[in-house]
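Asks: Quick paste of what TrEMBL says about this protein:
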DOMAIN    34-84  domain 'Mur ligase N-terminal catalytic'
DOMAIN    117-315  domain 'Mur ligase central'
MOD_RES   K228  N6-carboxylysine
DOMAIN    338-466  domain 'Mur ligase C-terminal'
Amino acid sequence: MRLPAVTWSEVEHRARSVAGGPVTRCGGTDDLTVAGLVTDSRRVVPGSLFACVRGAASDGHRWAATAARAGAAALLADRPVDVALPVLCVPSVRAQLGPLGALLAGDPARALRLTGVTGSNGKTTTSTLLRGVLEAGGTRTGVVGTLGAQVGGRSRGTDLTTPEAPELHQLLRWMVDAGARQAVVEASSIALDMGRIDGLHFDVSVFTGFEEDHLDHHGTIEHYWASKARLFERDRSAAGVVVVDDPWGRRLADQAPVPVTRVGSAEDADVRVLGWRTGSAGTEVLLGDDTGGHRVSSPLVGRVHVTNLAAAWATGRLLGVPADAIAAGLATVAPPRGRNTVLGGSGRPVVVVDYAHTPRALAAAIATARDLCGPGGRLHLVLGARGRRDRYKRQGLGESARAADVVWLTNEGSHGENPSAIIGELRIGLLGAAAAVRTVPDRRAAISSAVRAAGPADVVLLVGRGHETRLLDTTDPRDAVHLDDAEVANTALIVEHGPPATADAAERAS
Ligand SMILES: CC(=O)N[C@H]1[C@@H](OP(=O)(O)OP(=O)(O)OC[C@H]2O[C@@H](n3ccc(=O)[nH]c3=O)[C@H](O)[C@@H]2O)O[C@H](CO)[C@@H](O)[C@@H]1O[C@H](C)C(=O)N[C@@H](C)C(=O)N[C@H](CCC(=O)O)C(=O)O
């Protein structure tokens, strides 16, 4: 992807448009040009403008000399650095990442209609659904989120659900160059808090629902909610679609300064869920809006997707997509990897792989998996908790797990914590539960044991990692090992219960 060469004076001019205090240019002539804004010295290429970002673990200013050696043409800093490069000194480097990230990517957002998606659960599914709806409406649409970035038949990996602003604007440039005229952006609360979507304005932003999460970062649930509510300010979005089935969503709908379409089962919902049913073949929802009743179907499995489908419907309508195109789009969108992915069946246990990693999402995933049990079937849950993150959730996860028949406690990547201590915290929520509790610290062995113990009417639910394929038990990312829950489950199904009995099951196992 070729990024435009931007003159130093254009960079200075855009930087001055960011409120916050004096901008001082040290060195560099007006016709000096830079190409690409980079926040990581390890990704600098000749001609880059390197942004010295102060972080929690280190200060980007420490990497200025490294960036210079890698060919950076100039620096963005908030204090003097002893490096022989032109420097633009600003009050806050992080505050410049959006505006300058946009400028140095050629302001791609100006050529796109943008939809933002935030919420504690359902961001990835709803973003994927929206892309399908907008494409069915006839517009090439890009998407960026937890599963990386996609446009047309191309994809790119990302380290974060919502990348840092310079990378995000470069991905939007990549989408525009690939012919996209719409883009859907998953906006995580941490990204909203850290300014990663600065420089973007959304036609519609979607709030998929809320429960406490990421309190390690936000501190309190109020701050967590406020970071999401920030997306529904006029300077960020023109309109909102908000699921009002929980009090925090209702509060947002009541308080947001932009026009809000309310979605859910509530009486006052503008797009109301009138009924639904779900099973291994997919989900069907009956919706009511100001144009009447609409029946939509989707291959997604599980009650958790009912409001995701309703929110995608409401957003498509707001963006002018005809009702029949929305329905066609929803009917064709395949489940995103690791979101209620269904394996096995046809005479073998069903295995469901899901990303649920909060108590409420786990309770919903268990309810969904229970819907897939055959007569008299039991639900086996393979449960862990990621190390070094949101310890406060572990007892709640254990409490939600009480709804299963057999719970297999295991490792989910301890990230340097003591794996047994993590399992012990999960077990607190299970004290006195009717469910049988097994402890198998090795994740592969736990998945295989659960699949082995499951009968043909049973369901094995694997939660916490979904699509993830890297498992880390230390604090050094280089120690990560490959472990894909769906891969391990498929192997266990064949080893313990034989190959798929029918073609479609074989297809599903692929
Ligand atoms: C809490 C958080 O979001 N931290 C992010 C933050 O880290 P940090 O402030 O510690 O940065 P740092 O490591 O001190 O580095 C400071 C600066 O020096 C630079 N640097 C660093 C090393 C070097 O050799 N050269 C160099 O230039 C870095 O690129 C950075 O610009 O800035 C880093 C660089 O951009 C991010 O990688 C890092 O995300 C970490 C890895 C992370 O795990 N973030 C998670 C919590 C996150 O953001 N999750 C959300 C939500 C997901 C969900 O909803 O489930 C997401 O959007 O992914």
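Quick reminder: no glycine exception, Cβ is built from N, Cα and C everywhere.
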Asks: By DSSP, how many residues in the domain 'Mur ligase C-terminal' (338-466) are helix, how many strand, and how many coil?
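Replies: Helix (H, G, I), strand (E, B), coil: 45 helix, 25 strand, 59 coil.
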Asks: Mean pLDDT over the domain 'Mur ligase C-terminal' (338-466): what is the value?
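Replies: Looking only at the domain 'Mur ligase C-terminal' (338-466), pLDDT averages out to 96.
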Asks: Long-range neighbours only, meaning 6 or more apart in sequence with Cβ under 8 Å: which ones does K228 (N6-carboxylysine) have?
Replies: T118, G119, S189, L192, F207, F210, L252
Asks: Over the span of the domain 'Mur ligase N-terminal catalytic' (34-84), count residues by DSSP class, listing helix, strand and coil in order.
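Replies: Here the numbers are 13 helix, 12 strand, 26 coil.
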